[in-house]
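Report on the structure given below.
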Amino acid sequence: MASRKTKKKEGGGLRAQRASSNVFSNFEQTQIQEFKEAFTLMDQNRDGFIDKEDLKDTYASLGKTNIKDDELDAMLKEASGPINFTMFLNMFGAKLTGTDAEETILNAFKMLDPEGKGSINKDYIKRLLMSQADKMTAEEVDQMFQFATIDAAGNLDYKALSYVLTHGEEKEE
């Protein structure tokens, strides 16, 4: 048994392991877990890879059903191969290099705002936060909303909220 492992390592397996493990050293363990949850949510057919159908299903679950095939193809072409979890981490590592936390939060909100209005219905956000990935409690969401600007129609200004979440105070106009 040990000789098989040794042969595998001598055959280049170790080099591949080193290359793939570098991406894991770029993130904290909690971040890797969050990426794993995001990957699992996107891997709709649970085959360990994100493909075009997974992307379509993910967009549909976010209410965006008019995404074009060429847009999906362009997203998939950003990867240098099939998008397994390691490739997913590599892609996000490259995208997040040089971005700050506020920009990252804003980009997440923008995914839920296909019209680019700068606001999202607070009830919709509350449902998502309580049902997806690291599920928040109603109390946690309500506590976050205390720092949010919400208009009379119930729309949350996510740009202002992103600023408060990352800087701890409202931006002075």
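Even glycines carry a Cβ here, placed using N, Cα and C.
Among Asp54, Asp69, the residue that Swiss-Prot places alongside Asp43, Asn45, Asp47 at the Ca(2+) binding site is Asp54.
In the predicted model, residues of the domain 'EF-hand 2' (100-135) average a pLDDT of 87. Across the range of the domain 'EF-hand 3' (136-171), the DSSP-based residue counts are 18 helix, 4 strand, 14 coil. In sequence order, Phe49, Ile50, Asp54 are the residues near Asp43 (Ca(2+) binding site), counting only same-chain partners six or more apart with C-beta under 8 A.
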